[in-house]
Amino acid sequence: MKVSYSVILLVIGISIVTASQSILQKLIKTLPQSQQVIKSCTTAIDRSKAALPNYKNIVTTYANIWNDATFPADRSSIQWSGKYTYYALDSFIDSKWKRLNNLCLNCTLFGSADYLSDIAQGALGDCYFLSTATAFAELNSRFEKIFVNPQKNLAGLYAFNVFIRGIPQIVIVDDSIPVGENGKDPVFAGIGNDNSIWGPLLEKAWAKTNANYERIEGGNTNEALCFLQNIPATQMLLEQFNKATLWTKISVADSKNWIITLNTPQSRNQNQDLCKFNLACAHSYSLLSVKTVYNKDRSQQVNLFKIRNPWRKDKEFQGSYKDGSSLWLTEGADGKNYAEQAGLVIADDGVFYMTMDEVLITFVLLEIGEYQENFITSWYDKRNDLTSNANSPSLYKFTLTEATPMYIRAIAYPSRMYPISCKSGQAYLRLALEDASGKRISQIYTNEDSLQFISLVDTPLAAGNYTLKFYPEWTTNHVKDYGIIINAPKNIVITDSLNRTSRLTAHDISSKQLQSKVRATVQQGNNETKSTNQTKTILPDISKNESAYELTGNLDQDIVKIRNSISLNISNEENGLYLQGKQSSFSAGNDQCTVKNNNATGEDEISCGCILGPDTYPKECLLVLLTEVGEGYESSIQLSSSDL
């Protein structure tokens, strides 16, 4: 730094939250955690059974960011190596990582608008998960159950109520996500148009559950539904339906707020190929609703399907009812054209409409999740079952005092929780339901990923004593844990042959208002379909609420006093922030600064070092120089993450 003729106070890298374009925000990032993930065939499973940190304390008391050492911000969380990978994400393993708290300063978990603009699929092939999440978010009462602590917090920790083996568990993540070379755009699920961040966080929770991001590529809706809300799902080929039966099936499901997705056929280049109407092949879409529009005298009607692409774009869609089609202007019933009847919004938002004929020739698979608003999960958590097999079952019992509708399942760890090459094949599970006399009422035989179920919803099970017989056919390297699951309108106690229960984990439904106590919060904007009482935390608060301050020459005192006074006018200056003062003394300040005199020019060269820890807020360094009035200066700032 060249000292000339002015009195200055230089603030370098003022709070990265307020000065979003400051030089420090551009150059200093949170470094990957150094702790290495131990890679084995049971890493993800062991992680799911490990004790949780005290996340409530972390959220409420941490003024600095919290790093999840079990799922670190490095390549091990994107893709493993050697026998454990298909190398599907090679081009992303060296991605930078950035905290969402820093990436989007004004973001909140749910954003300011409805769910439709929230999900944007990135480079990861997890459309099955994101399309399901979008459909799931249609109904706030089920959607909000997932989020343990929806308030934005300084620690950047978010907890989720999910289900593993059909059993309630909590998964926690930090808010560090992979970003592109520019350090601004998420590589995988993106931020919502309304500044919502639940999409990338929920995707990260799914990736953590299954070892890494690579392991969540490709899948089915039933997996996502089981994870998010333990909802039984049915897969159906569209070719088995005619127009009337398909419309009835979907209309009934839509009226019940069930979750519906549609899949296009497979193709050589997967979703890089285009199928009918310019829709991506091998891709999953959310079916949001159905709508019938009528002509002026109601003599004709058109049944329309409202569909969403998780890529959050639809301008390439070439169906007859694409945005801007003249068909939308058809004069219709009650003085409303078709667009007005359907509630059409013209935008490249991923939402589009299709006719029945178009749906039948475009999609091959229909998946419906049978969400029951009043159903809860009852379970028996069995771990390390070394006795049951295909011929000798484990026994579980329950009693009903009245006729009760229900779903019954046995769920093991899904295949994707095991790294590639760890298992020789699928486990097959047989579950039989018998009454007190030993009469078999129903049974299922399913592999570990098909998630089939016994449905007694339309024919409730009568009052009485019942036995469930579980016959597993494990393969090599299977972890012999599973859940015996009953979904019903009331809690049902499930016991083993020794009359014991086993519920080792649970959800947290009491922490919705959990938030940081170290910073003030402000009210979030209105959200029509999601909770309107969410708050967002200002990270950090650098408001100037003290009166103007006169420099005294006592640097220790001056730095503290002027930092919070209105005299320090903070703005987004690239080379720091400057304040004119009135004193004329100099001090090196501390042992981090050195002064060298250049005999040739007669100028003083002052060098100061400042260490900014990645877990420290606010991220700022203050360098105070008091010179003679009228002196000028030149500045040179060098920043390096290697020095952190």
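Glycine too: its Cβ is placed from the backbone N, Cα and C atoms.
Residues annotated as signal peptide in TrEMBL: 1-19.
Per TrEMBL, the feature domain 'Calpain catalytic' maps to 65-372.
What TrEMBL records for CYS127 (among others) is active site. Its Cβ placed at the centre, CYS127 (active site) has 26 other Cβ atoms within 10 Å.
Summarising the annotation, TrEMBL assigns active site to HIS283 (among others). Counting every protein chain shown, the number of other Cβ atoms lying within 10 Å of the Cβ of HIS283 (active site) is 25.
Look at TrEMBL and you will find ASN309 (among others) tagged as active site. Cβ neighbours of ASN309 (active site) (same chain, under 8 Å, six or more residues apart in sequence): LEU279, ALA280, HIS283, TYR285, GLY350, VAL351, PHE352.
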Per-region confidence, the domain 'Calpain catalytic' (65-372) (mean pLDDT, whole number): 93
